[in-house]
Amino acid sequence: MAPSSLPRGMSCTTSPHQLVVVLMFAAAAVLGFGARAGAAQLCSEYYDQTCPGVHRIVRRVLKKAHEADARIYASLTRLHFHDCFVQGCDGSILLDNSSSIVSEKFARPNNGSARGYPVVDAVKAALEEACPGVVSCADILAIAAKISVELSGGPRWRVPLGRRDGTTANITAANNLPSPFDNLTTLQQKFGAVGLDDTDLVALSGAHTFGRVQCQFLTPRLYNFSGTNRPDPTLDRGYRSFLALRCPRGGDGTALNDLDPTTPDGFDNNYYTNIESRRGTLQSDQELLSTPGAPTAAIVGRFAGSQKAFFKSFARSMISMGNIEVLTGTQGEVRKNCRVVNGG
């Protein structure tokens, strides 16, 4: 195929397989199949000529940050998730309040919970020094999530790049992010609204295999599940007693607990074996298996039985999530500072 006949925006080296995917996205868009805007224009080689050291630079900054903060890999992965579920993967979660921006950082799911912003700033500063004005903040989140998972023992994948940064934020949408209190039906609706299916839901929930959670997100399960003044009946009694010691009634709601008590900082499939033992830490975790007739139950069982199957699906789902409503080409901008729009 001659260069002039490549799909618009494909300026980086593209393998035959990638080109097939690109053309499929383009065809789906023409036929109205709901392909995400701009997804066909992303490719893993996007910065090969303009910032060839991008992955090495991000990895160096993240490893340095991890020396002082064992939670940072999980936190950065979560930032990418919370960014993509709100008006697409456009770096909007990174914007601070301004005269024109109501920051998503103060939405209920993010305020006092989402973290890692200074590390993103450090990555951006290092990249601006090496290749100024080239790497977007949205792509920094995607690369940081990928490297964070890898450095924690998880799967590797080639992350498609070329996202541009948005110039707006949406705190209303951020207040409707998937919640640890959501039932399975609500989770399916929220994932479906951004083009993700049940396998994506179960695979991406597996990111709860590392990181921490505050007691405020656990205490309803322990003491007043669904307003019953009783604990969640799907929660293993021994594990409930363990969590109650760490999160007593009326205690510090910001106290931290391991999401996966077996390997809290490692990325593996223990999340699913915990769920099978009724030891899913969050309500939304256990819903994947314990909801009567759950179509997700078989997927939980498959991932519990095969870490390889989980890793393969997780990588695919991260790529799918990273394609949600991306800005490419001349859309948006490449921010100089991830916290403010250019000229702001």
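Backbone N, Cα and C atoms are what each Cβ position is placed from, and that goes for glycine too.
From a predicted model like this one, the values you see are computed outputs, not experimental measurements.
Counting only same-chain residues six or more apart in sequence, the Cβ atoms lying under 8 angstroms from the Cβ of His82 (active site, proton acceptor) belong to Ile93, Glu104, Pro109, Asn110, Ala114, Ala174, Leu177. Residues or ranges marked as active site, proton acceptor in TrEMBL: His82.
Of all the Cβ atoms in the protein chains shown, 30 others lie within 10 Å of the Cβ of Asp90 (Ca(2+) 1 binding site). The Ca(2+) 1 binding site annotation in TrEMBL covers Asp83, Val86, Gly88, Asp90, Ser92, Glu104.
Marked as substrate binding site by TrEMBL: Pro178. Counting only residues at least six positions away in the same chain, the Cβ atoms of Phe85, Leu187, Lys190, Phe191, Ser284 sit under 8 Å from the Cβ of Pro178 (substrate binding site).
Its Cβ placed at the centre, His208 (heme b binding site) has 21 other Cβ atoms within 10 Å. Annotated heme b binding site per TrEMBL: His208, in sequence order.
Here TrEMBL flags Thr209, Asp260, Thr263, Asp268 as Ca(2+) 2 binding site. Counting every protein chain shown, the number of other Cβ atoms lying within 10 Å of the Cβ of Asp260 (Ca(2+) 2 binding site) is 25.
According to TrEMBL, the feature disulfide bond maps to Cys51-Cys131 (among others). All protein chains considered, the CB of Cys131 (disulfide bond) has 16 other CB atoms within 10 Å.
What TrEMBL lists as disulfide bond is Cys84-Cys89 (among others). Counting only residues at least six positions away in the same chain, the Cβ atoms of Val194, Met321, Gly322, Ile324 sit under 8 Å from the Cβ of Cys84 (disulfide bond).
Under 8 Å, Cβ to Cβ, and six or more positions away along its own chain, Cys137 (disulfide bond) finds Gly91, Leu94, Val120, Lys124, Asp165, Arg335, Cys338. As annotated by TrEMBL, disulfide bond applies to Cys137-Cys338 (among others).
Residues annotated as disulfide bond in TrEMBL: Cys215-Cys247 (among others). Sequence-distant neighbours of Cys215 (disulfide bond): residues of the same chain at least 6 apart with a C-beta under 8 Å from its C-beta are Arg246, Cys247, Gly251, Asp252, Gly253, Thr254, Ala255, Leu256, Asn257.
What TrEMBL lists as domain 'Plant heme peroxidase family profile' is 41-342.
Neighbours of Arg78 (site 'Transition state stabilizer'), defined as other CB atoms within 10 A of its CB across all chains, total 23. Under the heading site 'Transition state stabilizer', TrEMBL lists Arg78.
For the domain 'Plant heme peroxidase family profile' (41-342), the model's average pLDDT works out to 97. For Thr209 (Ca(2+) 2 binding site), the nearest neighbour among the listed recorded positions (Arg78, Val86, Cys89, Asp90), judged by C-alpha distance, is Arg78. In sequence order, Phe210, Thr262, Pro264, Gly266, Phe267, Asn269, Asn270, Tyr271 are the same-chain residues whose CB sits within 8 A of the CB centroid of Thr209, Asp260, Thr263, Asp268, the residues recorded for Ca(2+) 2 being left out. Sitting within 8 Å of the Cβ centre of Asp83, Val86, Gly88, Asp90, Ser92, Glu104, and not among those site residues for Ca(2+) 1, are the Cβ atoms of His82, Cys84, Phe85, Gln87, Cys89, Gly91, Ile93, Gly166, Ala169, Asn170, Ala173, Ala174.
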